[in-house]
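Database features, via Swiss-Prot:
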DISULFID  Cys53-Cys66  disulfide bond
DISULFID  Cys262-Cys356  disulfide bond
DISULFID  Cys332-Cys348  disulfide bond
DISULFID  Cys408-Cys503  disulfide bond
DISULFID  Cys480-Cys495  disulfide bond
DISULFID  Cys619-Cys636  disulfide bond
DISULFID  Cys776-Cys790  disulfide bond
DISULFID  Cys842-Cys939  disulfide bond
DISULFID  Cys916-Cys931  disulfide bond
DISULFID  Cys1069-Cys1089  disulfide bond
DISULFID  Cys1211-Cys1225  disulfide bond
DISULFID  Cys1282-Cys1378  disulfide bond
DOMAIN    40-163  domain 'Ricin B-type lectin'
DOMAIN    175-223  domain 'Fibronectin type-II'
DOMAIN    240-357  domain 'C-type lectin 1'
DOMAIN    387-504  domain 'C-type lectin 2'
DOMAIN    524-645  domain 'C-type lectin 3'
DOMAIN    675-799  domain 'C-type lectin 4'
DOMAIN    821-940  domain 'C-type lectin 5'
DOMAIN    967-1098  domain 'C-type lectin 6'
DOMAIN    1123-1234  domain 'C-type lectin 7'
DOMAIN    1259-1379  domain 'C-type lectin 8'
CARBOHYD  Asn95  N-linked glycosylation site
CARBOHYD  Asn456  N-linked glycosylation site
MOTIF     1437-1443  motif 'Endocytosis signal'
SIGNAL    1-22  signal peptide
TOPO_DOM  23-1398  topological domain 'Extracellular'
TOPO_DOM  1420-1464  topological domain 'Cytoplasmic'
TRANSMEM  1399-1419  transmembrane segment
Amino acid sequence: MLLSPSLLLPLLLLLGAPRGCAEGVAAALTPERLLEWQDKGIFVIQSESLKKCIQAGKSVLTLENCKQANKHMLWKWVSNHGLFNIGGSGCLGLNFSAPEQPLSLYECDSTLVSLRWRCDRKMITGPLQYSVQVAHDNTVVASRKYFHKWISYGSGGGDICEYLHKDLHTIKGNAHGMPCMFPFQYNHQWHHECTREGREDDLLWCATTSRYERDEKWGFCPDPTSAEVGCDTIWEKDLNSHICYQFNLLSSLSWSEAHSSCQMQGGALLSITDETEENFIREHMSSKTVEVWMGLNQLDEHAGWQWSDGTPLNYLNWSPEVNFEPFVEDHCGTFSSFIPSAWRSRDCASTLPYVCKKYLNHIDHEIVEKDAWKYYATHCEPGWNPYNRNCYKLQKEEKTWHEALRSCQADNSALIDITSLAEVEFLVTLLGDENASETWIGLSSNKIPVSFEWSNDSSVIFTNWHTLEPQIFPNRSQLCVSAEQSEGHWKVKNCEETLFYVCKKAGHVLSDAESGCQEGWERHGGFCYKIDTVLRSFDQASSGYYCPPALVTITNRFEQAFITSLIGSVVKMKDSYFWIALQDQNDTGEYTWKPAGQKPEPVQYTHWNAHQPRYSGGCVAMRGRHPPGRWEVKHCRHFKAMSLCKQPVENQEKAEYEERWPFHPCYLDWESEPGLASCFKVFHSEKVLMKRTWREAEAFCEEFGAHLASFAHIEEENFVNELLYSKFNWTEERQFWIGFNKRNPLNAGSWEWSDRIPVVSSFLDNNYFGEDARNCAVYKANKTLLPLHCGSKREWICKIPRDVKPKIPFWYQYDVPWLFYQDAEYLFHTFASEWLNFEFVCSWLHSDLLTIHSAHEQEFIHSKIKALSKYGASWWIGLQEERANDEFRWRDGTPVIYQNWDTGRERPVNNQSQRCGFISSITGLWGSEECSVSMPSICKRKKVLLIEKKKDTPKQHGTCPKGWLYFNYKCLLLNIPKDPNSWKNWMHAQHFCAEEGGTLVAIESEVEQAFITMNLFGQTTNVWIGLQNDDYETWLNGKPVVYSNWSPFDIINIPSHNTTDVQKHIPLCALLSSNPNFHFTGKWYFEDCGKEGYGFVCEKMQDTSGHGVNTSDMYPMPNTLEYGNRTYKIINANMTWYAAIKTCLMHGTQLVSITDQYHQSFLTVVLNRLGYAHWIGLFTTDNGLNFDWSDGTKSSFTFWKDEESSLLGDCVFADTNGLWHSTACESFLQGAICHVPPETRQSEHPELCSETSIPWIKFKSNCYSFSTVLDRMSFEAAHEFCKKEGSNLLTIKDEAENAFLLEELFAFGSSVQMVWLNAQFDGNNETIKWFDGTPTDQSNWGIRKPDTDYFKPHHCVALRIPEGLQLSLCQEKKGFICKMEADIRTAEELPEKGPSHSIIPLAVVLTLIVIVAICTLSFCIYKHNGGFFRRLAGFRNPYYPATNFSTVHLEENILISDLEKSDQ
């Protein structure tokens, strides 16, 4: 039953369930009430200095008494970094058109203001360097001049970023798993959280766009409370195992998004424990063809494959194609219902459907884990080692696995079975004490699929695999397992190898009195532990009085696991905390162990919670639950917590930790400084073949026996920072991968180093990024760590301990240790010799004696020789007199533009011999000496990349025939006849061009590509260009292909597949797309050279026989330009981005937004003609995670130069090739582009879709069932299905509808290949018609027309992505889309209409096809978009109707120099 608004109003007035539509009444802000709000992410913003809180009024924000609570003081972070006010039902925003005071509350989907905010050191900052401030009259304003700090009221000084919004990915519904949009408007009310409103089944739901009635995109919300009540209606229960499963087959998420969605419901991604469970999953999907995410992953850098829910991994069914090589990026597992060996590995960033799994009872596992850490005094016979009720013996005799098994059995024992992390700790200690590196354990498998079992028949309840394990050997009947000493991890081995082995048998348990600990204390290893349950401040807890002798210090993961188990016995409340001895009370920026009355201890291990340590200067407490045992920084005096106490076992002294500092010099060209225990090496683009992803970079370092760089202490970060400054120009903004990451899903979202050193500093203190997928960090030379997507490609830095000799990979090309500095390399020869000898040596090494051309280079050289020199030596440089008393010159012939002579040392009096220059290692000053004197020296070699470009012989401009277009030194002819009968195939087109004295066009640059594309505006016919697939590296005119723009949909050299015709090899030729229905505008793809129906572009060189004129000089660029129904204004002035905004407004325009390829191409030609970069209206407020247009335009179109170009600043410009770059907003550029934004129109189609058994998505006046594209039916069955739903199979009537359909189908990724269409072949006039009798407009059908020659009985029409109409046997099973007219009732007539409460029928993905797989990657590899498609997640699946093109007569347009048509 639907609730009426009158019944809802009293609920809206409750503070515990704010809805934001009522004033609310004053209430005391009790700690309990605050905690209740904060659990929902709702907080009160308090001025740290003024102690008053922000209240939102109707038109102004003010500071008020925090204790006078009302809803207008309550705030919440929402989608897209918005700040939502509960009472005002609006979002905090900046209106740049009101610069005198832009700050206020606005509609949360307003396109006229900026609604993004971020935290920076307790400041609330927005775009254009605005931040939230307090004015003299206690009003809250935005300013760019001052800074004000804000905290969360009642949090003990915590900032408001502790409550950042976290995406909720929807379940079922019609949104394909897209995240909820908060707030969203439903029934004329803004909802900042999931709601049950409008539903009779009481399930939580949300909209995935800002207005539900407009878009009707929705889904169910992950409900954390469902973990407490078992399986609800969106879960399916296996009655035999009492396990619940949720099949999200219509969603398309990355692995981490799917993992998060399952976790939010108290579950986890699917784990498969045995063949029975796998068969259950397979049978559930037996009628489908689908590949789904499961919880299998290898994201822990220190371990192997694991299940994300912690389930032991002993059952495996890998596909033979799985690659276990370390450089492979596929680290997440999938399950395929359509192959016997169903498990595959995929790139975790791929988007797929997924299955969640939830145990109804996890208590049994928790009891076993807790009991494993309990101390039991145990007695064993001589020669055996006691540990917790069992006895163990390491046999130091190498045997095969089977021999070891029989040997243990002969001794009344068994090969060791390992049941917990506690037992791993014991085994690691045992092997270490016995100096054994590896041993057999009792795990093996002789089954297919592989199922590892213990030799003593005990259950496998724990696994601990090594990196890249378990690796399954093909064609091997039995697999055996060993454990290594360093971490106790397991490896799959050939059973015939020989190793040591450990036997295990039951021991005799002694009484508890013999534990060695006092009553109330628990023992682990050589220490006793106790919990003081009284809440105290850190100062009280650490005094040694309440917690004698000291708070706990934690040295490794085993001790942490024991303590987590210990605190589980006393935790009753969700927010219980326990003080530990870690602190930074002196605010050094580095956390250390400081137990009371004891020496400070170095930190060997950390176990932080997400976003920790948040700041320096705090004290550390361990969390009791959610998640248990994780560490968080708290205020040392204000925060109260229980205490964890630790003392040595009686009569046992605490071992003193001795930190050893190796003094071994760094090997080869690794670098360090005195006092550091490690050496570093920078791998930059000048020295390696390519930039790499984070995992590739880590594997690269591992090849040397190293890891990506970590910072064990502040001194290491300082050294790396100086190292980068010493090599690169600080203006380059280079970014280098380091080992900082949060990839491990079992690590609670906390950051860690890949070499496992502890995290002791707040590296991400100044920026908060929320729960996004940027799980790896880069380092910049200004001491900045920046989170990025791990799949981005960057340079990197490796680190290795001083006393470890680097390995030399087989692919490594050894070179003498040259040092890099700003595009040159230097070799320091420390031995002494004459100047002429070194000139020969340097020449032999293809270099020259050192030249110094700047103060920076001088400083670099001086710092190096000062460190290398003994007794203040001087070093030869490349200065020499050609004859005595001549001027000194550089020997390589470069001019002397910088000098640093010591006074009087350049040339002594009465000099009679030839002299050469040197540099002093003490002062850095230059002097001269006789060239025969022996000194050390330095060689310098230039890089291959030159500092200036070679200048080609200038070409001469000429003339073009009438009807041809001028472009640079070419004439171009665009030939697209209006009569379709005049359209050409490739051979005819080339013949036409040849008769005109030219050839089909060879596109040689981005600008030429843009010029042709902009001239195709208004056309829907694709055009031939001069490439064939038998030589796609050479143009028809013989020039090499130096520029290309291939469609991501096309596969070079592979002909299209048609189910009705087994094609022979046919020649393919290149087309340029001007129809965006199936290929992006301007992209190239191959087609049968003999196909007619296309236009073409010819080229020939301009005629230079007469007087050549450069029309760029004759016709200057006008300031106002018209193109494609848009008006542009060019601003020529030296200005910042902010000044560009204001200047455009002064002219009645806006800074330009660019939303499609046509206008991008037009502006590319304009900018290239102007010759300098211009500001455009794109900007970011969150360090490049999201970008907005300053005029409020919403578009997913981007044109970045490369992936790095979006990370260099907050404001964006376009260069002279049209490519986009970000830079600092205060930078000065020579111009900006303004435009008059197109008017936005309200929807002309207010109809709604009726509720039936399947979900519908509305477009214009029709509704579509996209959930059925994953169901496999014959044409007839699909037709009947739609008919029962009161609809028909899909028909497509225009380009806008076609574009909408393809946009929606992209959301299914590789899951959709073909769908049935409601079309038939009319034999009377040999045309294809829709079943309603209307003809198909074949000119609108993408890249290939249907061939009527192949229409035969029993063949039906399908839409194949991305090729267009295809023929298939009607009995084949394919997906389909039902279509019906929308309900004529409007949203106003249905105020209580909610989303359909029917649950989407389970559907699954069709067979993966190569063409569609490439289609799936299209937004990731789309030219200049790179990895930004996922970064622009706020624009996922947008639909923007195609422009209603009308032919534009470009010959009468602007840009005379290039666009004019000759009158000759």
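Cβ coordinates come from backbone N, Cα and C, glycine included.
Sequence features annotated in Swiss-Prot and their locations in the structure.
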residue	record	Cβ within 10 Å
Cys66	disulfide bond	19
Cys408	disulfide bond	24
Cys480	disulfide bond	27
Cys503	disulfide bond	23
Cys619	disulfide bond	26
Cys776	disulfide bond	27
Cys916	disulfide bond	26
Cys1069	disulfide bond	26
Cys1089	disulfide bond	19
Cys1282	disulfide bond	24
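Of all the Cβ atoms in the protein chains shown, 21 others lie within 10 Å of the Cβ of Cys1225 (disulfide bond). Over the domain 'C-type lectin 8' (1259-1379) the predicted model carries a mean pLDDT of 77. Here the domain 'C-type lectin 3' (524-645) has, by DSSP, the following mix of helix, strand and coil residues: 15 helix, 38 strand, 69 coil. Around Cys1211 (disulfide bond), the C-beta neighbours below 8 angstroms that are at least 6 residues distant in the chain are Trp1137, Trp1175, Leu1178, Phe1179, Ser1222, Thr1223, Ala1224, Cys1225, Ser1227. Across the domain 'C-type lectin 6' (967-1098), DSSP helix (H, G, I), strand (E, B) and coil residues number 22 helix, 37 strand, 73 coil. Scored by C-beta pairs under 8 angstroms, the domain 'C-type lectin 7' (1123-1234) has its highest count with 675-799, from the stretches 240-357, 675-799, 821-940. Among the disulfide-bonded residues listed (Cys66, Cys503, Cys939), Cys66 has its Cα nearest to the Cα of Cys1378 (disulfide bond). Packing around Cys262 (disulfide bond) is summarised by its Cβ count: 26 other Cβ atoms lie within 10 angstroms of its Cβ, all protein chains included. Considering only the disulfide-bonded residues Cys348, Cys495, the Cβ with the fewest other Cβ atoms within 10 Å is that of Cys495. Neighbour counts of Cβ atoms within 10 Å were compared across the disulfide-bonded residues Cys332, Cys356, Cys931; the minimum falls on Cys931. Taking a C-beta cut-off of under 8 angstroms and a sequence separation of 6 or more, Asn95 (N-linked glycosylation site) has the following same-chain neighbours: Pro102, Ser104, Tyr106, Leu112, Val113. Between the domain 'Ricin B-type lectin' (40-163) and the domain 'C-type lectin 6' (967-1098), fewer than three CB pairs separated by 6 or more residues in sequence fall under 8 Å, so the two stretches do not touch. Here Cys332 (disulfide bond) is positioned 24 angstrom away from Cys480 (disulfide bond), judged by their C-alpha atoms. Sequence-distant neighbours of Asn456 (N-linked glycosylation site) (same chain, 6+ apart, CB under 8 A from its CB) are Ala414, Leu415, Asp417, Gly442.
A simple way to gauge crowding: the CB of Cys790 (disulfide bond) has 26 other CB atoms within 10 angstroms, across all the protein chains here.
Long-range Cβ neighbours of Cys53 (disulfide bond) (same chain, at least 6 residues apart, Cβ-Cβ under 8 Å): Val44, Ile45, Gln46, Ser47, Leu63, Glu64, Asn65, Cys66, Met73, Tyr153. Neighbour count (other Cβ atoms within 10 Å of the Cβ, all protein chains): 19 for Cys636 (disulfide bond).
Cys408 (disulfide bond) and Cys495 (disulfide bond) have their C-alpha atoms 16 Å apart, to the nearest angstrom. The Cβ of Cys842 (disulfide bond) lies under 8 Å from the Cβ of Leu827, Asp848, Leu849, Ser937, Cys939, Lys940, each of which sits 6+ residues away along the same chain.
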